[in-house]
Amino acid sequence: DEGIGAINDFLARHSGLPSRDLTPHLFTLHHSEAVDHLLRVAAGLDSLVLGEGQILSQVKKMYRLGQQYKSIGPILNRLLNQAVNTGKRVRTETNLGTGAVSISSAAVELAQLKVAQERGLEDELASLAGERAAVVGCGRMGRLLVQHLLAKGCDNLTLVNRTIGKAEALAADFPGTPIACVGLDGLDQQLCRASILFTSTGADEPIIHRQRLKALGPLRRLKLIDIGVPRNITADVAAIDGVASYDVDDLQEVVARNQEARQAMAREAETLLREDAEAFLTWWDGLEAVPLVNKLRHQLEEIREQELLKALSRMGRDLSAREKKVVEALSKGIINKVLHGPVTRLRAPMERAERLKALKVVAELFSLSESEG
């Protein structure tokens, strides 16, 4: 509870919101529920688009930052490593990694649906050949947008970015298709020219709003698709004639197209999740025996050292260094053999009550105080 309170206080300070306003938007999970939740998130099972890969990248980034700032202990380190491995495993050992598996790919698929509807092709995905597309923002999501647009036949694409050099560098990574690049001062021109415009910038405030579009005069057949966080486009632009505006919430339409198939894939992934969660929980629960095992090992090591000194003194000074090492290795081997069975048993999967009972028996047999075990 102390740790949870500290996290809540940090979030309140960081956000500038009082704790009482922040608390209703938070939820707390413990032990196995917390483990299950993190593994589900890393696997993309709690994402709008099942199996999308960007969330795993975010988990990896959080893991790296935690290591960098030395804020991750042994248990959390093991859990985060397990989460990353589970995320990879789900995407390689199941079919969940196929289809629309990122917000960017789902946004492009949404554009295909809307173009198909314009052409009178209901419930189909149209080629984007002939469409005038623009992508505003050249970060990771912008790169994915470009990749998926080109894969869907887009042959008329412009990149808009605050730093034009970054746009040109991104365009250079796709040499097979001519891609135009402009700075943000060219955004208005693209709003007038494009038939589909995607936004994926990290701007704090919306960059496209009703007043901006109104000032451009009549627009026709402009589809705006906003996947920026926070939103790059205000909701009121949809009221302008000739403008259709979509955001992340509208991606449900794409998700619904293959929801049944992806739910079946998710059930397949759930089996892997249970395996990995149980493996971690078995390891974690086994840690309860560590203090007692360490105490027992320390006690036996003291006895070993004392008895070894006695034995060596009785054997006289004629004993060679090699012979001394052999005798010492023998004594260590005996201790390890004696400990192996009890330690393996104490750390094996079992009910907590059974483990506590076993720990108590060992503590009593070897006169180890409960406070130290």
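Using N, Cα and C of the backbone, Cβ positions are placed for all residues, glycine too.
Positions annotated as domain 'Glutamyl-tRNA reductase N-terminal' by TrEMBL: 6-94. Taken from TrEMBL, the feature site 'Important for activity' covers HIS37. Among the features that TrEMBL reports, domain 'Quinate/shikimate 5-dehydrogenase/glutamyl-tRNA reductase' is placed at 124-254. Feature annotation from TrEMBL assigns NADP(+) binding site to GLY137, CYS138, GLY139, ARG140, MET141, GLY142. Annotation comment: TrEMBL describes 268-368 as domain 'Tetrapyrrole biosynthesis glutamyl-tRNA reductase dimerisation'.
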Integer Cα-Cα distance in angstrom, HIS37 (site 'Important for activity') to MET141 (NADP(+) binding site): 25
Listed in sequence order, residues with CB under 8 A of CYS138 (NADP(+) binding site) and six or more positions away: LEU159, ASN161, LYS166, ALA167, LEU170
Long-range Cβ environment of GLY142 (NADP(+) binding site), under 8 Å and at least 6 residues apart: VAL135, VAL136, LEU159, ASN161, LEU170, PHE198, SER200
Nonlocal neighbours by CB distance (under 8 Å) for MET141 (NADP(+) binding site), same chain, sequence gap 6 or more: GLN54, ILE103, SER104, SER200, ILE227
Fewest-neighbour residue among binding-site residues, criterion Cβ within 10 Å, set GLY137, GLY139: GLY139
Residue among recorded positions HIS37, ARG140 with least C-beta crowding, 10 angstrom cut-off: ARG140
Helix, strand or coil at GLY137 (NADP(+) binding site) [DSSP, three-state]: coil
Counts by DSSP class (helix H/G/I, strand E/B, coil) across the domain 'Glutamyl-tRNA reductase N-terminal' (6-94): 65 helix, 0 strand, 24 coil
Composition by DSSP (helix, strand, coil) of residues within the domain 'Tetrapyrrole biosynthesis glutamyl-tRNA reductase dimerisation' (268-368): 88 helix, 0 strand, 13 coil
